[in-house]
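Reviewing the structure listed below.
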Amino acid sequence: MAQKRTLDAFFTAVPKRRKENEPDQDAQAGHSAHPAYPFPIANLPALMVRDVASLPARPGRRINDQPDLDLLYFEPYIPAYLGKQMFDFLRSELPFYRVEYGIKRGGYQTHIVTPRWTTVFGLDDTSYFDAGGAVTDKLSTMKANDKRYDRYPPRPIPQCLDALRKSTEVATNCKFNFCLVNYYASGADSISFHSDDERFLGAEPAIASFSLGARRDFLMKHKAPRPGESAAATEARGFKLALGSGDMVLMKGATQSNWLHSIPKRTGRNQDDGGRINITFRRAMVKDGTENYYNYNVGRGPVYRWDRTSRQMVLWERG
């Protein structure tokens, strides 16, 4: 008689040889571990990993009907049942931060409190994590000694996010080495119009942006033309995508150089929407990208973690 599989069988990772840039997978505890993590991060159960590997749920739809616009819209990429599981899992298991920083606006110093919860994992193209988790220079294969890494120690993408990264790379034929996660606790959390056009991303970067949880509007508008440029911006029309749970937008080509995007506040009766998680995969080419992402998504403040009882982010303290 065939032996029944126990529940533990689904949660125990199979030991395997580690690949470059993968964190240490604790087969017994089912966690990803690294010295730069504030705590071990739970692995996705085996059944969820299998389901993620089978994605996308639907083919992507090309949106390129406006000047300088090149999108691939998966509606959805992750099916509803799996999107709900991943939303609950990631909100509970990841460390989050409420980053504060100062910037100069109009000659005055302004204190900014990021209007959402953030976290980040990854390492730029110049380095990799060795078998022990140390940041190693690709050219010399020696330990990477750089003040940008010392200030914000990089940390590998944990298994619970890396499974989706691998699926996304196959579906889009793009390579990614960073994962940024934003948690919008309610409609009051937002991100203003911006573009991901930093030099450290290289020319015409590809950025895969996933939505889990509450439906939120994703607004896009063309940048104003710079002096001497064509008037393509005057021909472009701003538009909105109502992103549902499991949807993914791949922004590529000239999009970041010419378009801005935002998630506006959602007020009124829809403000308490249950929360939304946004996962973006990117590829940073140089060390400045690593420094930037950790500075603005982790910073030097305290760690927060989702509390299932109070149903809110609470200050995490090492036990």
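The backbone N, Cα and C atoms fix where each Cβ goes, and this holds for glycine too.
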According to TrEMBL, which candidate in HIS222, HIS261 joins ASN182, TYR184, HIS194, ARG276, THR280, ARG282 at the 2-oxoglutarate site: HIS261
Composition by DSSP (helix, strand, coil) of residues within the domain 'Fe2OG dioxygenase' (175-285): 14 helix, 46 strand, 51 coil
Listed in sequence order, residues with CB under 8 A of TYR184 (2-oxoglutarate binding site) and six or more positions away: ARG116, TRP117, SER190, ALA214, ARG216, ILE263, GLY275, ARG276, ILE277, ASN278
Spatial separation of THR280 (2-oxoglutarate binding site) from ASP197 (substrate binding site) - C-alpha basis, Å: 14
Nonlocal neighbours by CB distance (under 8 Å) for ARG282 (2-oxoglutarate binding site), same chain, sequence gap 6 or more: GLY122, PHE176, ASN177, PHE178, LEU180, ASP196, LEU201, PRO205, ILE207
The one of ASN182, THR280 whose CB sees the fewest other CB atoms within 10 Å, among these binding-site residues: THR280
Cβ neighbours of HIS194 (2-oxoglutarate binding site) where a neighbour is any other Cβ within 10 Å: 10
